[in-house]
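Note sheet for the following structure.
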Amino acid sequence: MSKLKETKGNVIVSVRVRPDANGGEITKAAEWMVDGRQGVISYNGREGGDYSYDNVFPPHEHNAKVYDAAAKRLVRRVMEGYHGTVFAYGMTGTGKTFSMQGTATSPGVIPLAITDIFSFIRETPHREFLLRVSYLEIYNEKIHDLLSASVSGGPTSQQEEIKLREDSKRGVYATPLKEEIVQSPTQLLRVIARGDHARRTGSTQFNSRSSRSHAVVQIVVESRERVPTGASQDRRSGLVPGGVRVSTLSLIDLAGSERAADDKERRTEGAHINKSLLTLGTIISKLSEARDRASNPTDKEGKHLPYRDSKLTRLLQPALSGNSLVSILCTVQLGGTAKSHSGETLNTLKFAARAKNSIVSHAKRAEEAFGSGGGDAGSRVLLERYRMEILTLRNQLESQTKAQAEKELRLEEQQLEKEAQVRHEEQMLEMQLARTALKERIEHLNRLILCSKSTGVNTQGNLSALGRLSRMSTGSRSLRSSLSQSTLGAYGHSSFRPISFLSLNSNEPSGNQPFSSGLLGHEEEEDFIGEFADGKASAQRQIAALQADLNDKNRYISTLERRLFQARRSSHSRMSIGMKTGSAAPDAPDVLALLREKDLEINELRLQLDDKDRMLAALRSAARHRDLAHSATDAFVPDTKDNHGRQEHRPDDDDSPAYDSAVGLSSPFNDESTAEKKKSMEDVSRILDEMIQDRVESGQLIKGSRGSVRVAAESRRTSESMAALPGLSMSATDLEDSG
Ligand SMILES: Nc1ncnc2c1ncn2[C@@H]1O[C@H](COP(=O)(O)OP(=O)(O)OP(=O)(O)O)[C@@H](O)[C@H]1O
């Protein structure tokens, strides 16, 4: 026996004995003997004998044990690339469906095979798998797709007829047939359960829910060697190291053979069932006969085998002809009392025995297919097809990604161009604004320049100072006019000219610096300034003009002082002469005349002194205007030194609010101005001192030890006499105060 198992490993024939339907022991124990360990069933009755099989399962053997012994190895080899077929054959109600499907608590061959399939996948990491499943039934010699059936149960009448076709690589296959790709045991079991639900069943004499059709579950296994890690480049290029291997596991639950039933429908079904089973039996018998002629291989047995007599045998042709591993599970029930029952059991045992002896499997591992190959067989290699599709999609994705990247790049470039254009426009706008601002500035400056020219005053920026200069110039002009009038009025000299006249200082020993051409007329000054109205040179010319004006004023002051001194001396001389004359010949009428003359002179001197005071006030005012001009000029000519490096001469200054408000500056030359003022006062005092000294020398006055003076006795007398006269009351104190 063991030798038989070894030599015929590709075909396994098992017999499973169903428990007694009544729950009791085998009633005809004497007729039947079941040896599970030896795989022998013996029948002691008529046509009795021993029937040996690969496996004999006693009545209470579990489904798991049946699967392990009858199908497990075959399933694993299918996963390795072999075709495999497991089918259950037996009389109705003997446990074919129970063995193939099992129950929830005792799963049969199909669910256990599914579990093993996925276990194998998990245990084989170096390969990748793709599983697809189909489920059909052959009912009254017609093929129905159980996965395309309506939910309500039973294939739809409009379902396209499914035909069997044959291919050199695939063998015999049904088409069109729905195939579902499954990725988990649960998903696969759910698909099969759906097909089971659609399967046709009916009540028979021996089975209240008898399968009235042959049901075929086909699981197509595609597998391929995994691409080694790091060979992603090859994957992308489509160069895979190995092809795809395709194998099929067929799990078939045959309808039960039975005697002709009373029901017409059952009789019709039975006739078809029996016919297909009969054909199957016939083929097995012929295979057995062919095997007996194995020594004469010239005969090609296949040509004479009636596979096409039934769809069942046509569908099982690849398996029966040796291209597939085969496991036949025959189910019997030994407990029946009817004589016919034992006959059916014997028929099953004989079928199994013939199958065991006749079927020779030359099953080989399926060849690995490369590419789609061409033809239907190649196109069914879904794994390869998917791989190609993935490759195509990946290429499309890459091209789209590239196109997208290029598009984004273009958009980015366009965006950058837009931004650059916006920036350019902004820069242009800024430049335009800057140009506009510059133009406005230029126009403003031009207006300023025109305005300055129109006023005849320089120049760049210090318009208020220039305005003050202009006002000062006007003021100076009016000052000269008033001076001239007052001077003329005081002296009655029509030849006396204002300070701006050049002839005034030509012969004056004033010590002032000569100024040849600086005394310009007012219009000339404006033209001069306007012509050189820019920069430091212009400012220096302003200073020079003011300096000249200042010199004029100084010279005029000196002239007035000298004239005053001369007038006093002249008066003193005349008074001295008159006194001498009076003392020598004191004639009363002469004295009176002399006194009147002196009174006139004294009055004239007083008027002259008043004029002098007014002139000094006017000169101080002129000096303030001059300082104003200096300050305005200094505002834009920091270097206030003249060309000879000397500090500009500053006139005396006072704290006149008008001056301060007019200039708006705190003069940095206040100290110098004060010194200058003191100097001028000292000059006046010096002149008066000289006058007093002259009188002292002439004996009219006596100088005290502490600087005080008194009138001499002679003079006092004269003075007293003069003082007695109306209008002659001048004293030394008066002389001091007037200085
Ligand atoms: N080994 C077994 N142990 C327990 N119960 C079984 C066994 N075999 C069959 N049965 C029971 O017998 C009844 C009929 O079994 P099943 O439907 O599997 O027979 P079948 O051969 O498929 O019949 P049919 O050909 O009419 O479909 C079922 O109720 C099933 O549970």
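Backbone N, Cα and C define each Cβ position, glycine as well.
Please treat TrEMBL annotations as automatic predictions, because they have not gone through curation.
What TrEMBL annotates here:
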DOMAIN    10-358  domain 'Kinesin motor'
BINDING   GLY90, MET91, THR92, GLY93, THR94, GLY95, LYS96, THR97  ATP binding site
COILED    383-422  coiled coil
COILED    536-563  coiled coil
COILED    595-622  coiled coil
REGION    628-682  region 'Disordered'
COMPBIAS  639-652  compositional bias 'Basic and acidic residues'
REGION    713-739  region 'Disordered'
Excluding near sequence neighbours, so keeping only residues 6 or more apart in the same chain, what lies with its CB under 8 A of LYS96 (ATP binding site)?
ALA88, TYR89, GLY90, SER211, ASP253, LEU254, GLY256, LEU329, THR331
Measure from the Cβ of GLY93 (ATP binding site) and count the other Cβ atoms within 10 Å, all protein chains considered.
23
For each of THR92, THR94, THR97, count the other CB atoms within 10 A of its CB; which of these binding-site residues has the top count?
THR94
GLY93 (ATP binding site) in three-state DSSP notation:
coil
Give the number of CB atoms, excluding that of GLY95 (ATP binding site) itself, located within 10 Å of its CB.
25
Please give the average pLDDT for the coiled coil (536-563) in this predicted model.
73
